[in-house]
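Before any comments, here is the structure.
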Amino acid sequence: MPNASSWSASSPLLLLWEDSSGTRIFLSLLYAVLAISGTLSNVMVIYLVFSFKKLQTTSNAFIVNGCAADLSVCALWMPQEAVLGLLPPNSSSLRSAEYRLLRGGLLGLGLTVSLASHLLVAFNRYVLITKLPSVYQALYQRRHTGCMIGLSWALALLPVPLLPGLWTLGSAQSDGSSRYTALLLALAVLAQTALLLHCYLGIVRRVRGSAKRVSVLNFHLLHQLPFPAAPPPPRRAQRRLSSVSVLLLCCVFLLGTQPLVWVSLLGFFLRPAPPALQAASWLLLCSLSALNPLLYTWRSEEFRRAARSVLPRGEGPAAA
């Protein structure tokens, strides 16, 4: 019978050979739920942005780019993991190198573009809030925006061949190349996180100092209706609520990305983490693909009005 390390190296769920079928079924169901919810939410955001002119902004273009990348994870990769988790451990599908390469490529492409889109959205809002309007208009012309989106996909295609090696992070048979691939992944995510936090914390400082430009945030808690639906809250409350929204987004992002970073660093410098911890860190990172559409749209009045107009018992197209 193969040992635990060989099963860890070949399993898409990073399970041990002796893990119970109940554990594999539970993870398969979890992947299925994330796949369905993530696919629906990403498709909904893309549809709304393309259908409503008010939502066709530069920031939303980067959000749509992230949703398209998240679809490769939620609609293409997660369903395969849900099915493979139900197969017997000695299934040939689990041990096919070509199939593992395909799954690793889908996962790597989707997560890389998704993380790049997070950074593009954060930088876009940082420039919009903290810089002069002329600087923003010069930087975010239609041609420049298209180049940024295209560059995110071009850069994501470069490390795709390295991603299958990450499946062997916890294996005793993993070679040095997979360890260095894990280190490269951890450092890239750390750098991206540092830049993202710099942008959002800069926004928080500006918002706390002045409430004049808070309304440009797509995820704020202020009312943006074209008519006075309710008396506006005090300025101090506006600043506090907008800052909480930004910090909440940062906390969710950190919760999804940092466990994998530190598990990878632990495996490179000290000793490999337990396979269950590796699986949990990967699952948290992949779950961001299902949560990203909600992170950027759940407090946007424009998105909510657009969604109500297309969902059953909505306000009708005229309301949008």
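The backbone N, Cα and C atoms fix where each Cβ goes, and this holds for glycine too.
As annotated by TrEMBL, domain 'G-protein coupled receptors family 1 profile' applies to 41-296. Taken from TrEMBL, the feature transmembrane segment applies to 25-50, 62-80, 100-123, 144-162, 182-203, 244-270, 276-298.
With a cut-off of 8 Å on Cβ pairs spaced 6 or more residues apart, the transmembrane segment (276-298) and the transmembrane segment (182-203) reach fewer than 3 such pairs and are scored as not touching. Among the recorded stretches 25-50, 62-80, 100-123, 244-270, the one sharing the largest number of Cβ pairs closer than 8 Å with the transmembrane segment (182-203) is 244-270. Regional average pLDDT for the domain 'G-protein coupled receptors family 1 profile' (41-296) in the model is 77.
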